[in-house]
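Visitor: Okay, handing you the structure first.
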Number of protein chains: 2
Amino acid sequence: MSKRQIRLGAFVPGTSQHVAGWRHPQARPQDSHNLKYFIELAKTAERGLFDAYFLADVPVTVDPDTTPDLGLNGTFSAGLEPVSLFSALAAVTEHIGFIATASTTYEAPYNLARKFASLDHLSEGRAAWNVVTTSGSVVSKNYGINDALLPKERYERADEFIEVAQKLWDSWEDDAFEYNKQTGQFFTGEKLHPPRFKGKHLAVHGALNIARPPQGYPVIVQAGQSEDGRELAAKYAEVIFTAQQKLEDAQAFYRDVKSRLIKYGRHADDLKIMPGVSIFVAQTEAEARAKYDELNAYIHPTLGLNLLKQLGGFTEDLSQFDLDQTLPEHLTQAQNGASRQQLILEIARKNNFTIRQLYQWVASARGHWTLIGTPEQIVDQLQAWFENEAADGFNILPPTTPASLDDFVDLVVPELQRRGLFRTAYEGKTLRENLGLKRPENQYVLEKRHTSQAS
Amino acid sequence: MSKRQIRLGAFVPGTSQHVAGWRHPQARPQDSHNLKYFIELAKTAERGLFDAYFLADVPVTVDPDTTPDLGLNGTFSAGLEPVSLFSALAAVTEHIGFIATASTTYEAPYNLARKFASLDHLSEGRAAWNVVTTSGSVVSKNYGINDALLPKERYERADEFIEVAQKLWDSWEDDAFEYNKQTGQFFTGEKLHPPRFKGKHLAVHGALNIARPPQGYPVIVQAGQSEDGRELAAKYAEVIFTAQQKLEDAQAFYRDVKSRLIKYGRHADDLKIMPGVSIFVAQTEAEARAKYDELNAYIHPTLGLNLLKQLGGFTEDLSQFDLDQTLPEHLTQAQNGASRQQLILEIARKNNFTIRQLYQWVASARGHWTLIGTPEQIVDQLQAWFENEAADGFNILPPTTPASLDDFVDLVVPELQRRGLFRTAYEGKTLRENLGLKRPENQYVLEKRHTSQAS
Ligand SMILES: Cc1cc2nc3c(=O)[nH]c(=O)nc-3n(C[C@H](O)[C@H](O)[C@H](O)COP(=O)(O)O)c2cc1C
Ligand SMILES: Cc1cc2nc3c(=O)[nH]c(=O)nc-3n(C[C@H](O)[C@H](O)[C@H](O)COP(=O)(O)O)c2cc1C
């Protein structure tokens with residue numbers, strides 16, 4: 001068996017991952033709806049031999065009624081739909097996979113299964129679906145639903161959704177289509193399998209109107225950290241995108257999820273855990289730190305304070321205090337007991353951060369692990385996680401697009417390769433082949449085989 | 001003003017339009033899920049200066065429980081999803097527009113508006129949405145709905161759907177995004193307009209998460225012939241795809257729909273009526289007829305008889321009769337009074353068709369106008385419809401892909417150009433520009449202007 005190597009996802013929104021990344025001199029927010037720009041980004045990622053390009057998605061945007069800093073917080077306000085963008089990129093790339101996010105709460109299985117099968121055909125086997133359940137009643141109002149499903153129900157629905165999506169992808173056996181010009185037989189009737197699915201939340205009667213995807217199913221990716229999220233991942237996911245800040249936490253998560261696989265008849269290798277990591281890299285540590293400071297200086301104070309207030313769970317208006325002093329005493333006590341608030345207060349205390357430094361830290365990391373340093377320093381860290389049961393790979397979150405993606409490809413990838421931790425050429429043609437995942441068999445073919453063996 | 005010219009849509013499924021088109025020696029049904037093949041087709045259509053590539057779509061396929069000739073009737077069994085396919089084609093073409101069919105009955109407005117806006121951005125203004133209401137309770141079962149909406153309700157929902165889709169596309173004014181790196185202002189708050197829509201069937205609260213499409217709205221296309229369908233078209237459609245067999249019927253339809261525009265404050269030029277036409281063309285009439293006969297000979301008798309039975313509304317099994325004799329006497333009387341049945345019986349009588357000839361006629365035309373002849377003969381007919389208030393253009397349905405598309409581009413297009421009926425180069429960059437349609441203003445900008453003029 002070949003040596004275990006790091007898998008890499010490029011999590012690269014057109015407008016940058018860092019809230020102020022778009023203000024970087026090289027950033028091109030004006031190109032955030034421009035295909036040519038995304039072609040450049042995809043080609044850079046492909047040059048860096050990334051397994052996949054990853055796009056998040058939530059069917060909602062900022063709202064005048066609920067966004068206090070309207071106009072400042074634009075990073076995720078608007079953008080291209082992932083499956084259509086990736087379809088376009090499939091036409092002009094050769095190797096890189098495409099992980100598109102789509103919600104089990106706000107789509108119909110028939111439509112979602114169809115579009116992902118389509119992307120898998122268009123890309124000749126490079127599609128992946130990041131299964132999200134999409135929290136929040138704000139989103140549900142965009143679908144005419146007044147009350148969002150409870151988290152529990154969202155995950156129940158997600159479970160049914162993946163089950164029926166897999167049935168839909170199995171509608172046609174791989175060799176169902178004969179295209180026999182001599183006999184006039186277009187397909188073999190016995191190789192067509194409508195799902196006839198009736199669940200608690202979903203029902204689908206007929207077969208999918210597209211041939212089985214080249215990969216069998218697109219790769220199933222999952223992002224969700226709760227108990228229900230982990231269980232769903234253990235049952236179905238082949239890649240997990242997770243937010244982990246510390247080695248020990250990442251290890252605990254890694255072991256917990258991997259240990260859940262057995263009861264679903266799965267092997268630890270069937271699931272690749274890939275935490276997100278935001279990287280500021282340069283030839284010297286000072287330069288890397290300067291890149292970090294530069295982006296943070298671009299954070300508009302109004303925006304930074306709002307993010308700090310929101311994520312930290314503060315109730316008072318923070319702009320009344322001197323931003324270059326530490327948090328006033330009465331705010332340094334836990335306010336709502338949430339783990340994120342505790343983390344923020346702990347960071348403030350430990351680093352003796354001023355309010356400005358604190359909001360910069362909050363706004364910059366946004367829940368993800370952040371590394372600042374030389375290529376060697378960065379790779380030391382990645383290697384430690386990779387070799388100590390904390391990660392099978394990483395989703396790289398370049399803080400500013402395109403500069404930090406270029407930096408990663410030009411500086412970090414060679415160092416990973418030098419240490420034998422990363423490929424020097426794509427191994428396979430499909431995303432599954434590159435990730436080292438097997439192609440799932442058609443469930444109806446398996447069934448037939450079992451039935452015929454039993455009789 | 002420049003001379004009025006014919007608009008052309010290329011209605012080209014990968015597996016051919018004619019039920020047996022895929023059996024033609026040059027047909028490539030095995031490539032029907034292959035992007036490279038569609039790139040060739042799109043480039044041929046672009047070489048022919050077509051306004052748009054048109055794809056139908058219904059979220060359903062053949063079913064073992066209801067398809068008697070399972071395996072033979074494959075033409076529309078499986079294929080790529082139109083918006084993702086067109087997104088890929090957008091990356092490798094320059095001029096041709098893309099008309100994707102999507103259903104108002106089985107999609108959510110937020111998702112549909114997003115993906116069409118996305119396609120319009122990816123193609124830099126070449127997207128169109130063929131609005132269909134999708135008949136049939138068979139489809140609804142794929143969405144967990146047991147009873148399909150009544151036609152009346154489907155059209156009510158469609159009307160609300162287009163209204164709210166337009167509001168979603170207007171969420172952001174054209175110049176809403178400032179991307180001002182100096183001030184940190186990403187967008188102008190006052191230029192964001194969430195729809196806050198509450199209808200009888202649909203509700204959407206928040207703004208769309210994508211910038212306004214380059215064309216304002218994608219071009220709105222409609223295909224539906226009923227009273228409700230015509231009214232919807234008169235209110236919103238900019239192109240109609242219609243099935244008309246005779247000049248007089250086409251003229252009646254044309255005048256009827258155009259006369260309905262006035263009450264919506266619209267001009268006759270704001271709507272292009274484009275009937276479908278299936279064309280068999282060759283340098284001599286005999287050769288063209290041979291092409292027609294060749295395809296018809298490929299129709300499997302079982303399939304042909306089933307189509308004849310179904311479309312003709314017969315209750316008896318037709319395979320018990322001699323296929324090379326005319327219909328037995330007792331079947332030549334009207335059975336259900338439907339207009340399609342009457343048309344079929346009339347054709348049989350007039351041409352003294354044998355049963356085989358009759359099913360060939362039924363299976364081949366499938367409700368669309370069919371022309372067989374030399375380029376001059378074909379263009380004579382098209383010109384007659386175009387110059388006599390029956391059509392503003394045509395959706396060309398090549399019976400077999402790719403051969404009949406090549407034939408049209410190589411033989412008919414030059415003849416159209418010779419007579420000055422068709423462009424010799426694309427006029428504009430966007431589909432609207434090529435079709436001669438205006439770019440719609442943002443409704444909220446219009447509102448502001450009216451309010452400020454009134455005060
Ligand atoms: C790393 C990460 C990325 C996520 N990306 C998305 C996304 O792009 N779109 C979305 O709707 N939800 C996204 N989510 C939210 C999850 O789908 C889920 O709704 C949320 O995490 C709540 O579920 P949980 O309690 O299991 O974590 C993401 C979650 C995580 C942890
Ligand atoms: C020329 C033509 C093309 C059509 N194409 C589609 C299609 O691709 N998908 C679909 O679901 N319905 C399609 N329809 C059906 C219409 O959307 C509509 O459901 C049907 O015509 C019934 O409505 P009507 O009674 O107004 O004609 C088409 C109809 C016509 C006339």
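Positions of Cβ are set from backbone N, Cα and C atoms, glycine also.
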Visitor: According to TrEMBL, B:D57, B:Y155, B:S226 bind FMN; which one of B:T101, B:T104, B:T105, B:T284 is listed for that same site?
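Guide: Of B:T101, B:T104, B:T105, B:T284, B:T101 joins B:D57, B:Y155, B:S226 in the FMN site that TrEMBL records.
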Visitor: Over the domain 'Luciferase-like' (B:22-387), work out the mean pLDDT and round it to an integer.
Guide: 94
Visitor: List the binding-site residues B:T101, B:Y155, B:S226 whose Cβ sits under 6 Å from any atom of ligand 2, in sequence order.
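Guide: Checked binding-site residues vs ligand 2; flagged B:T101, B:S226.
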Visitor: Max Cα-Cα distance in Å among B:D57, B:T101, B:Y155, B:S226, the residues listed as binding FMN?
Guide: 19
Visitor: Ten-angstrom check, please: count other Cβ atoms within 10 Å of the Cβ of B:Y155 (FMN binding site), all chains counted.
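Guide: Result for B:Y155 (FMN binding site): 21 other Cβ atoms within 10 Å.
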Visitor: Which one, from the binding-site residues B:T101, B:S226, has the smallest tally of other C-beta atoms lying within 10 Å of its C-beta?
Guide: B:S226
Visitor: Write out the long-range same-chain contacts of B:D57 (FMN binding site), meaning residues 6 or more apart in sequence whose Cβ is under 8 Å from its Cβ.
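Guide: When sequence neighbours closer than 6 are ignored, B:D57 (FMN binding site) has B:E81, B:P82, B:A100, B:T101, B:A102, B:S103, B:V132 within Cβ distance under 8 Å.
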